[in-house]
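One structure below.
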Amino acid sequence: MNILFAGGGTGGHLYPAVAMAERLEQLYPGTTVAFVGTERGIEATEIPRLGYRLHLLDVRGFRRGFSFSDMLNNAGVLLDFVRAVVKAAGIIRAEQPDVVVGTGGFVSGPLLAAAELMGRKTLIQEQNAFPGVTTRFLAAFATEVHLSFEESRKFFRRKQGVFVTGNPARSFTGIDQAEAQSFFGLQPGLPTLLVFGGSRGARSINNAVKTWISGAAGKANIIWQTGSLDDERLRKEVEPSATLWIGPYINDMRMAYGAADLVLCRAGASTLAELTNLGKASVLVPYPYATGNHQFFNAKALVDAGAAELVADADIALDQSRTKVFSILADPELRLRMREACRKEGRPEAALDLAGRIAGLANIK
């Protein structure tokens, strides 16, 4: 069975594809997996590191404005898209995939379009409650569309071939907390806060956490993924310690989640899938410029379930936000209630279910 995945730009689009690929390889030995991405996305480094073959397309997104500059840019984007579809068709002829799977990001569009024009079986996996424009358009022609939220159905005209299977997430279970804390050089036994804002980082979160370090010393461990955007600056301003690990990227998220009692992060759908599958208490800071404000709606679902707290991006630097975070970190009973509520929202079998659907499309039993 040959499967070709397209998805990336950010971890939110890439890691669901990786989760499905890993499960396919576990369930169906001999499966061949390849990826299509861009050189600007996280996939350019992550996919080779994971040992998969990667094809690159040159594609970028449309601007949403109506100025002359925006329209000129979008004309170029459209031309790039057509060229990318032609190149994607060549990749499909070379790989001969049984199924082409798209998980979002700019690169999914041309590969899915080429696959659908060539009559290949296609599966779209949408992570967010508010599907993107490309997903909604290509879904009309896809063999199957898989959603993470029931409420997303209303955005699609078609009724057949649309399923709610959840968001496939990487598996991070089976880690002893004290071992994980020691892995980061931290003090076992202290409550531990895990902070991250994506591969590039979140400047608002980084600036807030920088002011929290001195007050947390001796009371809590902090594992802080700064992202590439602020790494150089923060390394000059903040020193690691026995209670602080700081770095641009965490290569072993299994250990990071295993060490954490509370997670402070954005509210991307893939991150929330990982949190709910693990049952991790969290304070969510939705990215305010996400399309359709979808991170807010992703976060609200967990907040309404009692599984998380929400802090607006504009408020993260306020004293009350710091107080909220460290109050939860210091309250084991509250964290337990949040963990239990969070686990109820998870769909840990999503990767398994989707692997089965992909195999079914490939006529593999």
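Placed from the backbone N, Cα and C atoms, the Cβ positions cover glycine too.
Summary of the site annotation: Swiss-Prot records UDP-N-acetyl-alpha-D-glucosamine binding at THR10, GLY11, GLY12, ASN128, SER199, ILE250, GLN295. Screening the candidates ARG157, ARG170, ARG322 against this entry identifies ARG170 as the one listed for that site.
Between the listed binding-site residues, namely GLY11, GLY12, the fewest other CB atoms within 10 angstroms of a CB are found at GLY11. Largest Cα-Cα distance over the residues recorded as binding UDP-N-acetyl-alpha-D-glucosamine, namely THR10, GLY11, GLY12, ASN128, ARG170, SER199, ILE250, GLN295, equals 24 Å. If you draw a 10 Å sphere around the CB of ASN128 (UDP-N-acetyl-alpha-D-glucosamine binding site), it holds 27 other CB atoms from the protein chains shown.
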